[in-house]
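Chemist: Got a structure for you, questions after.
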Amino acid sequence: RFIAKPWAINLGIQDSGPHRAQPNAILEKVFTSITKSPDGKRLEGLSKQLDWDVRKIQRWFRHRRNQDKPTTLTKFCESMWRFTFYLSIFFYGIRFLWTAPWFWDTRQCWYNYPFQPLTSRLYYYYILELAFYWSLMFSQFTDIKRKDFLIMFVHHLATIGLITFSYMNNMVRVGTLVLCLHDASDFLLEAAKLANYAKYQRLCDAFFMLFGVVFIVTRLGIYPFWILNTTLFESWELIGPYPSWWLFNGLLITLQVLHIIWSYLIVRTAYKALVRGKVSKDDRSDVESSSEEEDATPNSTKGVLSSSSNGSNRVNGHVAGGQWTEE
């Protein structure tokens with residue numbers, strides 16, 4: 001409200017939403033009480049009842065659906081908040097772990113386990129991360145629904161489960177490594193969204209490519225060969241198969257499966273960017289895309305990135321028509 005919004009206005013981002021649908025009591029009742037996407041039979045019936053062309057009714061429903069979406073200014077402010085959190089917590093984690101012995105030797109995560117002290121810095125690091133992921137879990141149900149809704153839901157469940165489980169079992173040392181590794185790429189994605197909302201397309205594409213590289217290196221390289229190696233093999237060697245070993249590693253492997261899925265989507269988006277010369281379509285974008293372009297060119301390619309909450313990002317989240325959607 002006091003930082004992101006004034007900055008967005010200075011960048012020329014307007015607090016104006018999509019085209020609003022023409023007031024119509026009959027269509028509004030259908031939209032709110034029956035369906036937001038009527039089928040062909042219902043469209044024909046409404047066409048006869050209102051003496052409207054079917055295409056006009058379809059356009060009305062598209063406008064009405066888009067009308068409920070947040071404005072670009074709202075999305076810019078939200079992305080700036082996430083960018084600020086991800087960047088701050090990542091540097092906090094790096095600064096904290098730089099002096100931690102287990103950052104340089106992962107076997108230190110298991111020496112004297114479970115009799116390892118919980119310092120105040122480590123405690124606050126954990127609590128901040130847990131609170132943030134709980135907020136993402138709840139806000140996902142009020143945000144625009146995205147194609148990766150189920151994947152993100154599973155991700156949030158696994159993350160919250162891992163943070164809580166590792167804290168209760170005092171596996172906080174390896175837990176800090178997992179948290180810091182996951183924060184390494186998230187702020188780059190939010191930076192790309194900010195650049196897109198401000199219409200700096202080249203900067204947006206550059207941040208996205210950098211995000212893709214960091215994401216794949218950390219999630220498909222460092223994570224399995226550094227994190228999973230110590231939780232699966234070093235822990236087994238040093239402290240043996242403790243009762244919760246299977247659950248703990250099961251959750252970590254679930255995250256790895258999600259990493260592979262997201263990496264595939266990122267690579268596919270990057271490939272399309274190289275072919276077309278820009279990041280043109282995000283495979284995690286909103287289910288509903290902007291209708292203005294479709295109305296003007298009905299036969300044009302759909303889904304060119306419309307700006308869209310969470311994410312979806314979203315991703316936590318990424319792109320259409322050279323514009324970014326939330327994770």
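Cβ coordinates come from backbone N, Cα and C, glycine included.
Here's the feature list from TrEMBL:
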- 27-71: domain 'Homeobox' (DOMAIN)
- 29-72: DNA-binding region (DNA_BIND)
- 74-275: domain 'TLC' (DOMAIN)
- 83-103: transmembrane segment (TRANSMEM)
- 123-142: transmembrane segment (TRANSMEM)
- 207-226: transmembrane segment (TRANSMEM)
- 246-267: transmembrane segment (TRANSMEM)
- 282-327: region 'Disordered' (REGION)
- 299-318: compositional bias 'Low complexity' (COMPBIAS)
Chemist: So if I exclude everything within five residues of the ends of the transmembrane segment (246-267), which remaining residues of that chain have a CB under 8 angstroms from its CBs? That is, six or more out.
Modeler: 148, 151, 154-155, 158-159, 161-162, 165-166, 169, 171, 178, 211-212, 215-216, 219-220, 223-224, 227-228, 231-232, 283-284, 315, 318
Chemist: Within the same chain, where does the transmembrane segment (207-226) have neighbours whose Cβ lies under 8 angstroms from its own Cβ atoms, ignoring anything closer than 6 residues to its ends? I mean 6 or more beyond.
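Modeler: For the transmembrane segment (207-226), the nonlocal Cβ contacts are 106, 177-178, 181-182, 184-185, 188-189, 191-192, 195, 255-256, 259-260, 262-263, 266-267, 269-270, 273, 279, 318-319, 324.
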